[in-house]
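Structure record follows, encoded as structure tokens.
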Amino acid sequence: MTPRLFALIPCAGTGSRSGSAVPKQYRTLAGRALLHYTLAAFDACSEFAQTLVVLAPDDSHFDARRFAGLRFAVRRCGGGSRQASVLKGLLELAEFGATDHDWVLVHDAARPGITPELIRTLVATLKDDPVGGIVALPVADTLKRVPAGGDAIARTESRDALWQAQTPQMFRIGMLREAILQAQREGHDLTDEASAIEWAGHTPRVVQGSLRNFKVTYPEDFALAEAILARPANAS
């Protein structure tokens, strides 16, 4: 049986670094909620069986009317960290008929520049892979190491062979669930899914990402994201 595709959007964070009273995934950019762009990209990929959005149990900002016409489901089961929210979302996917052998693509709600084309490139590249992988970009900037709490450069780090992880991150549902459970048992709270897969001894692949697919994190990122989203993805 051909493995099915599911998308999982952890959306339980508060976005404290964004400088906004409203969680960043609900901020309006180019006329729509930031989260809308992620949901629309996956909605355009009809090959997905379901897109599941994981909210915090006490989220009072989510308004389904802002996402009318898009195909997705919501579960208010988010945890205290990304890792916890993803794990709970993976368990909820079983309700939609997902099996351990099916694929899940986990994507940050705060990466509104994702496109259907990039999603499909990731799937096409990894659909026959035994592990899975992520979209990422080679590090372009010179890297400096600065001690915690300081402002003096300790040394310059080589950027050779370094990649900056993005999302979506695509893995088998069963493999990812067990990898996260193992990390939890060993006291680790990892910041992305590939880290859990690596921790379990597997080797994820990287697929070329896009500068457009950056993560909105700081206050100044909103203006850049709005400028990008106001233009078609294929605009020069």
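Even glycines carry a Cβ here, placed using N, Cα and C.
The model shown is predicted, which means the values in this text are computed figures rather than measured ones.
Copied over from Swiss-Prot, here are the features:
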- ARG17: site 'Transition state stabilizer' (SITE)
- LYS24: site 'Transition state stabilizer' (SITE)
- ARG159: site 'Positions MEP for the nucleophilic attack' (SITE)
- LYS215: site 'Positions MEP for the nucleophilic attack' (SITE)
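Known features from Swiss-Prot, placed on the structure.
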residue	record	DSSP (3 states)
LYS24	site 'Transition state stabilizer'	helix
ARG159	site 'Positions MEP for the nucleophilic attack'	coil
LYS215	site 'Positions MEP for the nucleophilic attack'	coil
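Sorting the recorded sites LYS24, ARG159, LYS215 by the number of other Cβ atoms within 10 Å puts LYS24 first. Between the C-alpha atoms of LYS215 (site 'Positions MEP for the nucleophilic attack') and LYS24 (site 'Transition state stabilizer'), the distance comes to 11 Å.
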